[in-house]
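The next block holds one structure in the form of structure tokens; read it before the comments.
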Amino acid sequence: MDMDSIRERGLVLLGCGKMGSAMLKGWLAGGLPSASVTVLDPKPSDWLQGIEGLRLNADLPDNPALVLIAVKPQMMGDALPRIAALGGGGTLFVSVAAGTPIAAFENAFGADSPIIRAMPNTPAAVGRGITALIGNAKAGEDHMALAERLLSAVGDVVRLDSEAQMDAVTGVSGSGPAYVFHLIEAMAAAGEAEGLDRELALRLARATVSGAGELARLSEDPPSVLRENVTSPNGTTAAALEVLMDENSGLPPLMARAIRAAAARSKELSQ
Ligand SMILES: NC(=O)C1=CN([C@@H]2O[C@H](COP(=O)(O)OP(=O)(O)OC[C@H]3O[C@@H](n4cnc5c(N)ncnc54)[C@H](OP(=O)(O)O)[C@@H]3O)[C@@H](O)[C@H]2O)C=CC1
Ligand SMILES: O=C(O)[C@@H]1CCC=N1
């Protein structure tokens, strides 16, 4: 199976909210024909109505190559029956739902169906996401490769060794963009508290976080070296890092608590 099978047999996107839209934008920008995509969503947003050829809330194709499930975990009970008839055929199911285990989809579609659980993130909307994948026993190399091809159109892809890693992955990269956006908010607020006007503080914080992110991506040096490159002895950065790197009240213990809370919520959702 390759991307031609998606073009020919079609892709069904079940749920097209924030994450589904982020991926769909990336696929369409990458050349996937809109006529190959069937979107099922009870209240499709305006931008979807304007895409010529898109099969919006149309009948299901007979034998789509892939169904991508992007509804909230709490909506699965309502949403899955709509596509359950595709189970056991030649369709690959890929779910991006946090905390919904592969076993739940095997119950819905049958254990004979190839099912892949994926955890993407919203930078997919600008082709800069990262998605982690793990498949069930029926997901062979061709299925994994197809999911990898599709998701690599919107960023990086990694394969996991076990489904148990998914809770921690969700805590780091699935939810992670929110931590970074909050970092921008916090830096801007602190700049304002130091006397800058709001607009200037936000502009400085946004450019600094995105610029540092790009440098971290492109540089061959690890983040620790990039950090040291900013830090002059007894300078301003050293003064700030003394606060941020405090082992009791600094960023590492705070981030550990935040990611532990996200992973715990992911586990809770799977109960
Ligand atoms: N947002 C993110 O950063 C990430 C999200 N995820 C996962 O992606 C999934 C979707 O999250 P997100 O996009 O944020 O949520 P959204 O609420 O933005 O999107 C879900 C969409 O599904 C629609 N929907 C509700 N019921 C049905 C149904 N029965 N059939 C079809 N569509 C339905 C919703 O419509 P309506 O709004 O009308 O209810 C909405 O448009 C979740 O499982 C989440 O865990 C994974 C990684 C990152
Ligand atoms: O907050 C959530 O539950 C989803 C999963 C990862 C990012 N957003």
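Glycine too: its Cβ is placed from the backbone N, Cα and C atoms.
According to TrEMBL, the protein has these features:
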type    : residues                                         : note
DOMAIN  : 13-99                                            : domain 'Pyrroline-5-carboxylate reductase catalytic N-terminal'
BINDING : L14, G15, C16, G17, K18, M19, A70, V71, K72, P73 : NADP(+) binding site
BINDING : N57                                              : NADPH binding site
DOMAIN  : 163-269                                          : domain 'Pyrroline-5-carboxylate reductase dimerisation'
So how far apart do the NADP(+) binders L14, G15, C16, G17, K18, M19, A70, V71, K72, P73 get, largest Cα to Cα in Å? 14
List the helix, strand and coil residue totals of the domain 'Pyrroline-5-carboxylate reductase catalytic N-terminal' (13-99) as derived from DSSP. 32 helix, 16 strand, 39 coil
Rounded to a whole number of Å, the separation of the Cα atoms of K18 (NADP(+) binding site) and N57 (NADPH binding site) comes to 17
Would you mind reading off the Cα separation of K72 (NADP(+) binding site) from the residue listed as 'NADPH binding site', to the nearest angstrom? 18
For the domain 'Pyrroline-5-carboxylate reductase dimerisation' (163-269), provide the mean pLDDT of the predicted model. 98
Same chain, |i - j| six or more, Cβ under 8 Å of C16 (NADP(+) binding site); the result in sequence order is L24, V39, L40, D41, P44, S45, L48, A70
The domain 'Pyrroline-5-carboxylate reductase dimerisation' (163-269) - residue tally per DSSP class, helix then strand then coil: 87 helix, 0 strand, 20 coil
Restricting to the same chain and to sequence separations of six or more, state which residues have a Cβ under 8 Å from that of L14 (NADP(+) binding site). L40, D41, V67, L68, I69, A70, V71, A79, R82, I83
Of these binding-site residues, K18, K72, which scores lowest on Cβ atoms within 10 Å? K18
